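Copied from Swiss-Prot, the annotated features are:
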{"type": "BINDING", "residues": "Gly13, Gly14, Gly15, His16, Ala17, Gly18, Val125, Ser180, Gln370", "note": "FAD binding site"}
{"type": "BINDING", "residues": "273-287", "note": "NAD(+) binding site"}
Amino acid sequence: MFYPDPFDVIIIGGGHAGTEAAMAAARMGQQTLLLTHNIDTLGQMSCNPAIGGIGKGHLVKEVDALGGLMAKAIDQAGIQFRILNASKGPAVRATRAQADRVLYRQAVRTALENQPNLMIFQQAVEDLIVENDRVVGAVTQMGLKFRAKAVVLTVGTFLDGKIHIGLDNYSGGRAGDPPSIPLSRRLRELPLRVGRLKTGTPPRIDARTIDFSVLAQQHGGNPMPVFSFMGNASQHPQQVPCYITHTNEKTHDVIRSNLDRSPMYAGVIEGVGPRYCPSIEDKVMRFADRNQHQIFLEPEGLTSNEIYPNGISTSLPFDVQMQIVRSMQGMENAKIVRPGYAIEYDFFDPRDLKPTLESKFIQGLFFAGQINGTTGYEEAAAQGLLAGLNAARLSADKEGWAPARSQAYLGVLVDDLCTLGTKEPYRMFTSRAEYRLMLREDNADLRLTEIGRELGLVDDERWARFNEKLENIERERQRLKSTWVTPSAEAAAEVNAHLTAPLSREASGEDLLRRPEMTYEKLTTLTPFAPALTDEQAAEQVEIQVKYEGYIARQQDEIEKQLRNENTLLPATLDYRQVSGLSNEVIAKLNDHKPASIGQASRISGVTPAAISILLVWLKKQGMLRRSA
């Protein structure tokens, strides 16, 4: 039977991608249905209990700047907050928070249940309704059919998921959850390229069996950072430390002597694992010269005794896992409460997607999260928001939107996936972005909130706060530009006490702030330049904008040059065999990828600058050279 009411957008899956997709579509006023196999696991952290990190924290801030959920949820659930790379420049500083799994899940579910235009329904999906190469609905395991104008697939590791512990394996979407086998079969029938990937998780340890007295503590930052531009530190629950232990030669001997029982090394697992989150087996074998590896013991929550040992992801048999755990300092009597495991699952080649994350072959069908070959909650959330907003726009007969590489890490993520594809789980790093100085955590709202407002993602409260911040930045910069001190002025001695070289000529507040030894905090304690802004976010922007003004202007010039190529569009139906002068390799790659622009074509492996020049000349001769607005 068909459900009596039609929907604009259906989201399949309630993980980090699915929840952001559902919230985005509903915020934009579209009637949205979130289908999940279990309402109690909405927003579940399947692996490590943490949000953020290098590159990842940037994505969370961008999701927040566009009105998303993740940053608000972690502000209510984070039990240890830190700034990584705090001593480095603002481009690579990143926020990370340890999470209480239960509080995080509660925050996500509460937000979903209070979101207008959103209905949640518990049933596994087994089929899609496709008519004339367009998706028009979904079918659940009890045969109930839902109609919609767009469908977003955010199914994580559930598609034909297979869990491995030692040489034993069984079907599962994650520990304790069933896989989605019928949906996997259905998707394999569609004209989509499919592959297998693998990820893993470590055993969980009973905290009561660990001797923390012999371990080093790791505390959070002070003052405590905040993830959401709308948040404050008073929202954070009780803060707790993490602990550090290490593997040793005994640990490594145990692993080496049991490699024949590892599903990876025995050839049982065919999927490729994440390069930047390797299993402990991989670390021991790949870095054979290392006699130890650092392991972080991270609490899973304020009401849980479980500890997540970050760094020993493994699929070795349970008896070997016990030996590994008990070989480390402080863990000699430790008990495992959940075994570690590896999981293999289907993913679909993201090169078959438009930058909006809509399929090139099935109209109205969007993909987000691990199904696209990524790893990580943050990467999933960012894709979910983008897919959700574009599904909503499609259902309202509006053009899709995707950020450029120069606009957001989300733009880098999507462009990398859609242009280059991936053969291993893709993780975001700051090093993947060409324009890191422009794409900082601290200015995510300045880059994206106005766009989010135009798209219908940003509510009145956030918009008012954003405009107040803009006014504070502009007013303070004008004040510092117009406030001067001369070498002969009475205040000069007070200013000189904070400088490595005394004033030799008249200087404005901005001139002084550009000096390496001067900070905004110091400057605004000096008589001519007091008082400081009470808006800490605006104060941070003033300092960064002034200190890095020259570098930022230079990078903006680079972006404008790059945009000329990025905005030169390529016809979707162009057969590159028509372009004389291109090599067979370049023709094959361009016909395979079907890039949307010259900029995208230039990032395809094997497409040379010479080939791009030939293509530009040919387009001009054919009268096909056109640029987007």
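Each residue, glycine too, has its Cβ placed from N, Cα and C.
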Query: What is the number of other Cβ atoms found within 10 Å of the Cβ of Gly15 (FAD binding site)?
result: 29
Query: Of all the Cα pairs drawn from Gly13, Gly14, Gly15, His16, Ala17, Gly18, Val125, Ser180, Gln370, the residues the record ties to FAD, which distance is largest, in Å?
result: 18
Query: What does DSSP assign Gly15 (FAD binding site), in three states?
result: coil
Query: What is the number of other Cβ atoms found within 10 Å of the Cβ of Cys277 (NAD(+) binding site)?
result: 19
Statement: Rounded to a whole number of Å, the separation of the Cα atoms of Gly273 (NAD(+) binding site) and Ala17 (FAD binding site) comes to 20
- prompt: Under DSSP, is Arg275 (NAD(+) binding site) helix, strand or coil?
  reply: coil
- prompt: Ranked by the number of other Cβ atoms within 10 Å of their own Cβ, which of the binding-site residues Ala17, Met285 ranks first?
  reply: Ala17
Query: How many whole Å apart are the CA atoms of Arg275 (NAD(+) binding site) and Gly13 (FAD binding site)?
result: 26
Task: In whole Å, note down how far the CA of Cys277 (NAD(+) binding site) lies from the CA of Gly13 (FAD binding site).
output: 24
Query: Do you know offhand how many angstrom separate Met285 (NAD(+) binding site) and Val125 (FAD binding site) by C-alpha?
result: 40
- line: Around the Cβ of Ser279 (NAD(+) binding site), other Cβ atoms within 10 Å, all chains included, total 26
Statement: DSSP says Val125 (FAD binding site), in three-state terms, is strand
Message: I'd like to know which of the binding-site residues Arg275, Lys283 has the most other Cβ atoms within 10 Å of its Cβ.
response: Lys283
- request: Using DSSP with the three-state reduction, classify Phe287 (NAD(+) binding site) as helix, strand or coil.
  value: coil
- prompt: Which residues, sitting 6 or more apart from Gln370 (FAD binding site) on the same chain, put a CB under 8 Å from its CB?
  reply: Ala17, Val155, Gly156, Thr157, Leu197, Thr199, Tyr345, Phe347, Ala380, Pro425
Query: Which of the binding-site residues Ser279, Glu281, Lys283 has its Cα closest in space to the Cα of Gly15 (FAD binding site)?
result: Ser279
